[in-house]
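As recorded in Swiss-Prot:
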type	residues	note
BINDING	39, 64, 65, 146	Zn(2+) binding site
BINDING	41, 110, 146, 291	substrate binding site
BINDING	178, 179, 180, 181, 260, 261, 262, 289, 290, 291	NADP(+) binding site
């Protein structure tokens, strides 16, 4: 079968190759991947900066954001049936008793990222216990479930932390970034009735800006406009340290900033002491969030349906490019105006 692979640690080793077909063991399912989303983590792996092949393999099959059809069942599987549409979660625990999304580094494997093959292949396998069923009517947008699950966990942490301390949900939110995660965060917050301001570097006539405004949010062009005001909740979805700091500065007293990005190492920031003192005196909270649990995937599917029905098909407009498997290389190169690029493995 064909699969999109890399040699972890070797830059620009991306290729489409023939690999052996996997066979499901007890408790596993054989999947027929249909659509696979591409994200910044894939780019890091392709550049040789991250990723680990499964034990005994010299290559890693990419693809951790997937919509698939169940092709065959391993022994003992009874929670799904052949032909079901499903989304597999990403992470699998290794000797970790915590919820899988809270397992520390070294205590988990991740499909298409770390120690487990992904789903950018004509067939893949995963554990049946980590599958979420997808309604047929969400087939065209369910590939957004995994990135949205990350948002769901982050928003849950932010909103529940705010409510636990101040007794009511946040009314205003600042979303830093208008890529897939930023726009999905804006979508979820809009569905929750929170007033949104989103900041990114694209101009006001860009698709990203128009999508924020379509949600009823205010868009700030960070290149030409100054961000002002205070916000109850900040969702940082860029991975830029300077914006994470700006988010902390813009928190209202008692506010919560949720960090969803992965940041490059930097030196000490100017004015850091004053910023931290302000955080103490105003009871500000900063929380990091990574990965997601099954309930976040389930909530993501519910929000995709709600947004599709009530926001005039908004989720579909986040998918800006669909690339067939034969032209796989095009899926891993995107422009500033692309939002979610998807690899169509098969129809």
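Using the three backbone atoms N, Cα and C, a Cβ is placed for every residue, glycine included.
Swiss-Prot feature annotations superimposed on the structure.
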| residue | record | DSSP (3 states) |
| --- | --- | --- |
| 39 | Zn(2+) binding site | coil |
| 64 | Zn(2+) binding site | coil |
| 110 | substrate binding site | strand |
| 146 | Zn(2+) binding site | helix |
| 178 | NADP(+) binding site | coil |
| 260 | NADP(+) binding site | coil |
| 291 | substrate binding site | coil |
Practice prompt. Using the recorded substrate site (41, 110, 146, 291) as reference, state which further residues of the same chain have their Cβ within 8 Å of the centre of those residues' Cβ atoms, listed in sequence order.
Written response: 64, 65, 90, 91, 111, 112, 113, 150
Worksheet item: Of all the binding-site residues given, 65, 110, 146, which has the fewest Cβ neighbours within 10 Å once its own Cβ is left out?
Response: 110
Fill in: From binding-site residues 178, 180, 260, 290, the one whose Cα lies nearest residue 39 (Zn(2+) binding site)
180
Practice prompt. May I ask which of the binding-site residues 41, 64, 65, 110, 146 is closest to residue 262 (NADP(+) binding site) if we compare their C-alpha atoms?
Written response: 41
Item to complete: Find, among the binding-site residues listed as 39, 178, 260, 262, 290, the one whose Cβ has the highest number of other Cβ atoms within 10 Å in the structure shown.
Response: 178
Worksheet, complete the sentence: Rounded to a whole number of Å, the separation of the Cα atoms of residue 110 (substrate binding site) and residue 260 (NADP(+) binding site) comes to 17
Discussion item. Please report the Cα separation of residue 41 (substrate binding site) and residue 290 (NADP(+) binding site) in Å, rounded to an integer.
Written reply: 12
